[in-house]
Amino acid sequence: MFGRNFPFFNSIGGFYPRDSLDPRKPSGTGYTSKVRVRDKYHIVGFISSGTYGRVYKAIGKDGRKGEFAIKKFKPDKEGEIIQYTGLSQSAIREMSLCSELDHSNVVQLAEIILEDKCIFMVFEYTEHDLLQIIHHHTQPQRHAIPAPMIKSILFQLLNGLLYLHTNWVLHRDLKPANILVTSSGAVRIGDLGLARLFYKPLNSLYSGDKVVVTIWYRAPELLMGSRHYTPAVDLWAVGCIFAELLSLRPIFKGEEAKMDSKKTVPFQRNQMMKIVEIMGLPRKETWPGLVAMPEFSQLQSLAMARGHLNRQSNLEGWYQSCLKNNGYSPTSSAGTPGPEGFDLLSRLLEYDPLKRISAQEALEHPYFTTGTPITANCFAGYEGKYPHRRVTQDDNDIRSGSLPGTKRSGLPDDSLMGRAAKRLKE
């Protein structure tokens, strides 16, 4: 399925064969047996933990150059007894997809190691992520992310997404914490734990995973209970990320209603309301498939209760206010996203998934083809410095079988405390 000669956009706009992509990609990607992690890697420290397990920073040994992030999957645990009952569906998906995917804007897997019934995924190390970058620009004095940097980040993100979609892969969990950035300014789409092949699925995608995409980045068709969805769900998330890069805060910051004991998926009323407040009420005249959505009656109830029946889109007003508050020029220039930025944002945040812009179309949008040229290094021209990812020596034993089941926050950097650390609460 993942052809070795697939052509794709590179990060400066051309096409070239897939194999010529990135000579830095470690060779021998795949499963390695009877090899101990510490024989091949020096563990520098602990990065983060979640429901999946733990992530450590490491340096290669014996001629294996470079820095790596080692993801150790947690075995099932009951009390003090480790139960080796197999891997989660998320872990299996991530391993199988990352072993096949090969693109400069998708996280790069070096190898998979099995040691003492524990699975380790060894990735290239990335120093930053978009959540960390956004947080930095809110501290200590709020200052906007430079417009050329946003353009480069967004182009590289869409470039990687085009590759995934062309190879029939939906990411389904795009959010700032999952968009990684190397110290040289290369953007990588990370965390493919919810990714899914969508080429002629035997069952609807809904039947396998009823809840996908972190709530603030979840497309309206998912909120409306759609049983079948498309790559358009990822493009809506890109629109939300674009808006967040501009405003330094989530554009649709709703509260998630949790599933009940019967695992019934509730209507996300608060999140839908946050979208309606900016985008206006979706209408069947512009979204013909709306009336067939399982939660259509809930939407009507929300609109009547909140007085939103005649609410029109205020996205342009939000955009202009965002430009003004963050010091961007309202007209086209090197220092502003301009009207082209608004047009792209509005097409990414299109209610009807059939009308929503695709990754291919977005890459050809005037926002990218006019104005400031796109740089392969998103940090090019930026004189500031972003803090390094926090790596601690606490709990630094990668061999430890006792892995606490801490709540997965999606935060790859433990240094993001306070308000920013709460933003990705799921």
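Cβ coordinates come from backbone N, Cα and C, glycine included.
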Given Swiss-Prot lists I47, S48, S49, G50, T51, Y52, G53, R54, V55 for ATP, the same-site residue among K34, K71, K117:
K71
On a count of neighbouring CB atoms within 10 A, which of the binding-site residues S49, T51 is highest?
S49
State the count of C-beta atoms found within 10 angstroms of the C-beta of D173 (active site, proton acceptor), not counting that atom itself.
22
Suppose we draw a 10 Å sphere around the Cβ of I47 (ATP binding site). How many other Cβ atoms does it contain, all chains included?
20
Validating a neighbour-count step here. Other CB atoms within 10 A of the CB of G53 (ATP binding site): how many?
20
